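Here is what Swiss-Prot says about this protein:
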BINDING   12, 16, 263, 307, 408, 412  ADP binding site
BINDING   12, 82, 83, 134, 241  sn-glycerol 3-phosphate binding site
BINDING   12, 13, 14, 263, 307, 311, 408  ATP binding site
BINDING   82, 83, 134, 241, 242  glycerol binding site
């Protein structure tokens, strides 16, 4: 049996290929960035061909580093930036336009138009999602309506759509047109109950069914690679990036949750085999589906600005020289000195969804110094995470016992301790922190017998560090009450 599993981790700014062993340990990794294209304010594009080129390069580089070949890989999994939309020619494989990235907001007018009849939650019952520029359906529509002749060609079956997972699979396998249910659940076109494209949604968004990939599970052998460097290796797992992190953290039981701390935060909670509708600002989404087993669902809460706030005080404020300095500066004081920083630079995401909120620093006095500001910056991430956890608990009627964490900010011990304190829950950092790629590797490995089952995966997952609450309940409530007061000051600024 081959000794390793490969994972393609295609993100918003870069592409990586990581090789894992049976223990889930990293054997080799290669990474390359790709260009961010900004044709107009609010428009964000990627060159899909460049992403495919970078994917080929990192696969070859990671294998070469350890003198590995295709025969050393039992399977390859794919994880990807979700919602980003590629439309290409069925015969040539050439994209008809750049990929429209999940951050792209050019479809805002179309969102408003659709929301006139039924509001932002018009399709939430079928999809678990509010109307937003975020999701794929309106991005597909924009390409169909703005690139000459593409709509007619799509209706004739000559044009294909896929998110990045589908485009990579198409190229890796010589033409397989598939997507998994986690990615499909972010298009605004899949029905959460049937796990299939919904005719009512296709009609509302004016998307031809002929251009859509077939929806499959997150863990099965889709086909074998035809790319020379990995020829013959089964492609056997696909998960959207945040769902992949949930799998990588082995959150396989209802009520288990992970939070990814990056530029923003993405918190997903496993809610079991039935979709849980949200009345508290969460998204309902597919967590994963392994082979023929029932789909498992999740609630998702996203926070727009967390790590980006540290970057902002570094670059715009000059408070620190490098991002890691924020913890050192924050440790120069024993608390936040009554200062609260609400980073609503472009509004607030979950659970508020207020586009007209703007950033606020509250509680300033002459006593305030740089250390207090640094504390307030870090604590903002923890406070926002608590708000999302509380909303999820209300929606799911499940109490979170432990929060598993990953992402760049989890190296900040001060933040992780404060997160545990303000949640009044243990916070855990895993030994392998590349959880997104690990989740894709787990999904692929399950499909080919490299891993036996989810119990096997849980036995391989291990803890690097656990933080436990140390704060008095009265102090916890006092801090959170002032945070809630500061948040209200950011509302309705515009």
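Note: Cβ is positioned from N, Cα and C throughout, glycine not excepted.
On the structure: features taken from Swiss-Prot.
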residue: 12; record: ADP binding site; Cβ neighbours (10 Å): 19
residue: 13; record: ATP binding site; Cβ neighbours (10 Å): 12
residue: 14; record: ATP binding site; Cβ neighbours (10 Å): 14
residue: 16; record: ADP binding site; Cβ neighbours (10 Å): 22
residue: 82; record: sn-glycerol 3-phosphate binding site; Cβ neighbours (10 Å): 26
residue: 83; record: sn-glycerol 3-phosphate binding site; Cβ neighbours (10 Å): 24
residue: 241; record: sn-glycerol 3-phosphate binding site; Cβ neighbours (10 Å): 25
residue: 242; record: glycerol binding site; Cβ neighbours (10 Å): 24
residue: 263; record: ADP binding site; Cβ neighbours (10 Å): 18
residue: 412; record: ADP binding site; Cβ neighbours (10 Å): 21
Of all the Cα pairs drawn from 12, 16, 263, 307, 408, 412, the residues the record ties to ADP, which distance is largest, in Å? 24
How big is the glycerol site in terms of the longest C-alpha to C-alpha distance among 82, 83, 134, 241, 242, in angstrom? 15
Among 307, 408 [binding-site residues], residue with fewest other Cβ within 10 Å: 408
Same-chain residues at least 6 positions away from residue 311 (ATP binding site) with a Cβ under 8 Å from its Cβ, in sequence order, are 263, 323
Specify the count of other C-beta atoms within 10 Å of the C-beta of residue 134 (sn-glycerol 3-phosphate binding site). 21
Sn-glycerol 3-phosphate site shell beyond 12, 82, 83, 134, 241, criterion: Cβ within 8 Å of Cβ centroid: 81, 84, 101, 102, 186, 240, 242
Which are the residues of the chain, 82, 83, 134, 241, 242 excluded, whose CB is within 8 A of where the CB atoms of the glycerol site average out, their centroid? 81, 84, 102, 186, 240
In terms of DSSP three-state secondary structure, what is the assignment for residue 412 (ADP binding site)? coil
Sequence-ordered, the binding-site residues among 83, 134, 242 whose CA is within 10 A of the CA of residue 12 (ADP binding site) come to none
